[in-house]
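According to Swiss-Prot, the protein carries these features:
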- Arg96: active site (ACT_SITE)
- Glu99: active site (ACT_SITE)
- Ser122: active site (ACT_SITE)
Amino acid sequence: MTQSQHSQSPREALAERIVEAKTRKNLTFEQINEGTGLSVAFTTAALLGQHPLPADAARVVAAKLDLDDDAQRLLQTIPVRGSIPGGVPTDPTIYRFYEIVQVYGSTLKALIHEQFGDGIVSAINFKLDIKKVDDPEGGSRAVITLDGKYLPTKPF
């Protein structure tokens with residue numbers, strides 16, 4: 001039976017255990033994800049408390065991280081989502097995304113509405129991909145693809 005959390009606390013505590021085990025075992029999220037059949041972005045979000053994992057995927061990651069049966073079951077529960085309590089994020093990496101939305105949010109909204117009509121881009125029917133590419137001017141660039149299904153507003 002599908003279970004749902006009513007508080008972020010259990011999944012936050014599990015996320016701490018997961019990061020500690022990942023560090024202790026010197027694993028990458030990609031290595032932990034291998035064999036789950038899921039994208040590394042989805043599995044990472046689940047391990048950090050933002051998604052439930054299917055039972056098979058939970059078994060795979062629990063084995064790699066030496067998590068007990070209770071932790072494995074908890075990974076399968078529907079979490080209370082949202083990882084930025086208290087408003088504006090203070091972590092520099094997360095803040096840059098907040099800044100991107102502050103600068104480009106109205107532009108994204110205008111262009112989405114112009115191209116698709118009144119509606120939203122789903123964060124549920126959604127895919128995320130991150131790639132590291134060489135910058136022709138030196139260094140590296142992060143190519144981040146946000147791929148969400150468009151959902152039109154339906155009058156009622």
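Glycine too: its Cβ is placed from the backbone N, Cα and C atoms.
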Remark   = Glu99 (active site) and Ser122 (active site), compared by Cα position, are separated in whole Å by 20
Note = Around the Cβ of Arg96 (active site), other Cβ atoms within 10 Å, all chains included, total 12
Task = Using all protein chains in view, find how many other C-beta atoms are within 10 Å of the C-beta of Glu99 (active site).
result = 13
Ask   = Can you count the other CB atoms that lie within 10 A of the CB of Ser122 (active site)?
value = 12
Remark   = Rounded Cα distance in angstrom between Ser122 (active site) and Arg96 (active site) is 21
